[in-house]
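Quick notes on the structure that follows.
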Amino acid sequence: MDPNALQTALLTARIPRYTSYPPADRFSDSVTPELVSDWMGALPADEPISLYAHIPFCRRLCWFCACRTQGTKSLSPLDGYLDHLQMEVDIRAALLPGKMKLSALHLGGGTPTILSPDRMDRLRDILFGSFELTPQTEVSVEIDPCECDGPRLDALMRLGLSRASVGVQDFDPVVQQAIGREQTAEQTIGVVRELRARGIPSVNVDLLYGLPYQTAERLTRTLEQVIEFRPERLALYGYAHVPWAARRQRLIPEDALPSPEERLELSAMAREILVSAGYTVVGIDHFAEPQDTLAIAAQTGTLRRNFQGYTTDTADTILGLGASAISQYPSGYSQNIAATDGWQRAVAAGQLPVARGAALTRQDRIVSTIIRDLMCDGHCDIGAVAQGDADRYRGAAEFALARLPGIGTLSEDQLEVSDLRYARLLASCFDPGVGSNAARYSQAS
């Protein structure tokens, strides 16, 4: 038994982020448009669903970003994109058992706020013409402070905005220059003030640690600036340097990246600063005001995790709209064609633009639930989850605890992680595909 095995694994292991299981890199073309049509038709008409609409366009491409995006200097491609988004909505609406109520709507990208106010109004009409917004629907939008002004915020209010997700990453100009981003703290604070003035009840901020030239002093200053405007939620993600998957990351000087040991130190320091500022730890990398619904969900066992990170949304179905968007169904996952032109050709031909996905097996469901419980709650009742296969997964837990001393405990069927920061690593021990695919993933730290 290696007493340092846990620390070594945190520094060297490459594992999925587990925003889904199976992870998206293991999707295959065995999931076809015909299969997804059947999944959609089988959805209960009286259960709310969630929507995710992907707007891939950016005026500038940040080098750190691994999302499916495309640069544009002109706004004219946006009109054609919205035309085809209407086509996809029409195709999907015809397959559903009725006009579905929305549990949540999320606009992501890319840069959703690249849409001008009139285009945002058009997007609203496209979505709400086929799906029903209710007083309980949470409408969240990813906002780039450099692509947002008063008229755009007014259009978001007409959309029903209730939560704004503001990208920050790091305010330090040296770090920003190294990741191809220019965004001042003053710009960001100005947008947050405008959101507050319009009565938006929830603002969350995305931050990254592990960026080039990022030091404890620089990250501390960014955290202090963010804490000053008091967002309700913060996400503190580890920067995933995967230049083999995101070619723009090749522009980032690798010799300027913090070492694995320094990444761990930055993460621990940031966590301490945020907790000292009164935020509650949520899952492995989120923080929230104690009275925020995300913190309450973490305390009451109703926290969930999807492709947008931790969420209070418990809908079993998320329809992904737009190029590369991923949908989640009770039966599995599907992903749209990634290339915008290919997606447009498919919907123009009246076809579901499905490229690949994963149909869930019984084993997938068990592993998915174990991973979700560990990542969201920090513990899992293996007997209740695995039932007839409990011995198999109990054995996997015992092997993990023996291999990584200190990562957690197992009492009868109750598996508990010793620290939520280890939850992703412990979850990976139940993933039979992680070893053969490790090179694709980001660091565990």
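Cβ coordinates come from backbone N, Cα and C, glycine included.
Per TrEMBL, the features are:
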DOMAIN    43-276  domain 'Radical SAM core'
BINDING   Tyr52, Gly109, Glu142, Ile326  S-adenosyl-L-methionine 1 binding site
BINDING   Cys58, Cys62, Cys65  [4Fe-4S] cluster binding site
BINDING   Phe64, Cys65, Ala66, Gly110, Thr111, Gln169, Arg181, Asp206, Ala240  S-adenosyl-L-methionine 2 binding site
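Counting every protein chain shown, 25 other Cβ atoms lie within 10 Å of the Cβ of Phe64 (S-adenosyl-L-methionine 2 binding site). The record assigns Phe64, Cys65, Ala66, Gly110, Thr111, Gln169, Arg181, Asp206, Ala240 to the S-adenosyl-L-methionine 2 binding site, and the maximum Cα to Cα distance across that set is 20 Å. The two recorded residues Phe64 (S-adenosyl-L-methionine 2 binding site) and Ile326 (S-adenosyl-L-methionine 1 binding site) have their Cα atoms spaced 21 Å from each other. For the binding-site residues Cys58, Cys62, Ile326, a Cα-Cα cutoff of 10 angstroms around Thr111 (S-adenosyl-L-methionine 2 binding site) retains Cys58. Nearest to Cys58 ([4Fe-4S] cluster binding site) in space, judged by Cα atoms and limited to the binding-site residues Tyr52, Glu142, Ile326, is Glu142. Taking only the Cα positions, the spacing between Ile326 (S-adenosyl-L-methionine 1 binding site) and Arg181 (S-adenosyl-L-methionine 2 binding site) is 27 angstrom. Long-range Cβ proximity for Cys65 ([4Fe-4S] cluster binding site), meaning a same-chain Cβ under 8 A and a gap of 6 or more residues, is found for Ala246, Arg248. Other than Cys58, Cys62, Cys65, the residues of this chain whose Cβ falls within 8 Å of the Cβ centroid of the [4Fe-4S] cluster site are, in sequence order, Arg60, Leu61, Trp63, Phe64, Cys67, Thr69, Gly110, Thr111, Gly180, Arg181, Arg248. Nearest in space to Ala66 (S-adenosyl-L-methionine 2 binding site), taking C-alpha to C-alpha distance over the binding-site residues Tyr52, Gly109, Glu142, is Gly109. When the alpha carbons of Ala240 (S-adenosyl-L-methionine 2 binding site) and Glu142 (S-adenosyl-L-methionine 1 binding site) are compared, the span between them is 19 angstrom. Taking the Cα atom of each, Cys62 ([4Fe-4S] cluster binding site) and Arg181 (S-adenosyl-L-methionine 2 binding site) are about 6 angstrom apart. Tyr52 (S-adenosyl-L-methionine 1 binding site) is 25 Å away from Arg181 (S-adenosyl-L-methionine 2 binding site) when you measure Cα to Cα. Within 10 Å of the Cβ of Ile326 (S-adenosyl-L-methionine 1 binding site) there are 21 other Cβ atoms, across all protein chains. For the recorded site, Tyr52 (S-adenosyl-L-methionine 1 binding site), the DSSP three-state label reads strand.
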